[in-house]
2 protein chains.
Amino acid sequence: MSEIISLVNELERKNIKVTQQRRIILGILNNNKGEHLSARDIYTLGKDIDDSIGLSTVYRTLNLLRDVGIIAEYHFDKEFAKYELSCQKEQDIHHHLICKNCGKIIEVENYLPGHFKDEIYDKNQFICQEFSLKVSGLCKECQQLFSEEKTS
Amino acid sequence: MSEIISLVNELERKNIKVTQQRRIILGILNNNKGEHLSARDIYTLGKDIDDSIGLSTVYRTLNLLRDVGIIAEYHFDKEFAKYELSCQKEQDIHHHLICKNCGKIIEVENYLPGHFKDEIYDKNQFICQEFSLKVSGLCKECQQLFSEEKTS
DNA sequence: CTATGTGCAAACCATTTGCGAACCC
DNA sequence: GGGTTCGCAAATGGTTTGCACATAG
């Protein structure tokens, strides 16, 4: 995992101090790509590496990384915030299907037409930096549960 | 505004009691289509109609209406929840551009290909009930601000 | 050396909940 | 009339903040 170095470089390039705690948090995010971690998850994982790390530092760091675009923050349902490294490559972009019944989150590929960023700029003069599609509905398993209920 | 009647009918059809408070809240949502109201906004507006209405009733009612699909709940940024009537007609579906600098929310038409619900079902056996696209970036005005900063 | 970051504990605040009274059907 | 809903006030819990100390550069 040498990608952590490029993440640290990105901080330096933005004139953000690279502290031990920030390095730890970036490492955790980098080792859990594709996962959606809460601030508490990251705090717990961080404790294993450096027991003295504080929860407020985790929050402050996550807010900082979000503001400079290194990580993405999601709010699924009424749950608390979840974080993951921002997608660097266009083909890494994915979206989320959220089951209204069991809360499961399924990641799916990007369904949006490639030109949609341009379309948004042409029509609204709005520069799209990030986008995320949230689809709510019923997952395969919960559909079956409901059809069983009806027949019983 | 006779649409309020069809909303009330929808409640009755779902065997949900139609109380004075629920009628008031539906009315407020119906009179503010296209707006994004917070629970507090609705509470304040409701007070003007019936001063005795309680904030917890507003929350309980909004949760109820959300669960049965009559209203949509949004979480923009770190802000608290915002609500609006669900789109009844396909062509009412819209998405949101959120400016990272000033927080302004711009509504735009649905850019997604019409067949995308089917695509999601075919590939993931997931039934799409609702979907919303959130685009973060810079609005026209804030782009100008940034370019002025650079030149000064 | 100095501005910035950190840990702790307390504060914050939108949202939820418990309970007795009020209300809809 | 009986179960649901309401209003109030108190509790909840994720997130933020104030402050004294530690640390990066």
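Here the Cβ of each residue, glycine as well, is placed from N, Cα and C on the backbone.
Within the same chain, residues at least 6 positions away in sequence whose Cβ sits under 8 Å from that of A:C102 (Zn(2+) binding site) are A:C139, A:E141, A:C142. Annotation comment: TrEMBL describes A:C99, A:C102, A:C139, A:C142 as Zn(2+) binding site.
Checking the binding-site residues A:C102, A:C139, A:C142 against chain B with a Cβ-Cβ cut-off under 8 Å leaves A:C139, in sequence order.
Counting other Cβ atoms within 10 Å of each Cβ, the binding-site residues A:C99, A:C139, A:C142 show the lowest value at A:C142. Taking the centroid of the Cβ atoms of A:C99, A:C102, A:C139, A:C142 as the Zn(2+) site, the other same-chain residues with Cβ within 8 Å of it are A:K100, A:N101, A:G103, A:K104, A:L138, A:K140, A:E141, A:Q143.
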